[in-house]
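See structure below.
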Amino acid sequence: MRQIVLDTETTGLEPSQGHRIIEIGCVELVDRRLTRSSFHQYLQPDRQVEEGAVQVHGISDEFLADKPRFGDVAEQFLDYIGGAQLIIHNADFDLGFLNHELRLWRKGAASLESQCEVIDTLKLARSRHPGQRNSLDALCKRYHIDNTRRDLHGALLDAEILAEVYLAMTGGQASLELDVQPARQRDGQGAQAARVLLKDRPPLAVIRATEVEIDAHRQRLAAIDKASEGRCVWLRQSDA
């Protein structure tokens, strides 16, 4: 399965008030493994960035002055996410802006949720941790994800962190990069995207776990059970 973890940064909070997207960041998961594929683009919004927004992400009007507009990269963006499942934290916010940009670019453009299945990790976190804080920073702390690089919000960095959070929150993650080469590299002003092809892989050898490894596995499950407040189903199954 191919999944795209996506985040945006914007000039303000409401597209209905004329606010625009100024950064899109995406990373790719294939069969629950992070690949080297990404899409990252800063955008010229044709309006000023609100001071409050600058304090959140640190992106200034001067920095964006020579960047392309959304319409310049729209087809490239849609091609990159096409056919994938989208993973977004507080998806209503990002989708609201992305759909607004699509309609400005092309009248009658289909919404992203009509083109791709969407998983909202905020809704997922609220269902698993009701009554608790479920911001990205709070989830990083809960699932022991390193977010020390996150002094300011940034779309690509936040997408990378969200990918780790999503994998941890949905039953364990495989964070080792695939030792494969991108199928293609896209050139552009700050945009870089690649599709990872999985082919010509040799058969996997079956290696039985030793007693020492089994004991280490049990200890790992116990740690997961503690971090997830008793929700580690694998621990229950191994004890059955």
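A Cβ is built for glycine as well, from the same backbone N, Cα and C atoms used for every other residue.
Unlike curated records, TrEMBL annotations are generated automatically.
TrEMBL lists 2-175 with the feature domain 'Exonuclease'.
TrEMBL lists D7, E9, D158 with the feature divalent metal cation binding site. Under DSSP, D7 (divalent metal cation binding site) is assigned to a strand (E or B) in the three-state scheme.
Per TrEMBL, the feature substrate binding site maps to D7, E9, H57, D158.
For H153, the entry in TrEMBL reads active site, proton acceptor. All protein chains shown were included, and the count of other CB atoms within 10 Å of the CB of H153 (active site, proton acceptor) stands at 18.
On a Cα basis, H153 (active site, proton acceptor) lies 10 Å away from D7 (divalent metal cation binding site).
With respect to H57 (substrate binding site), the closest of these recorded positions in Cα terms is H153, chosen from E9, H153, D158.
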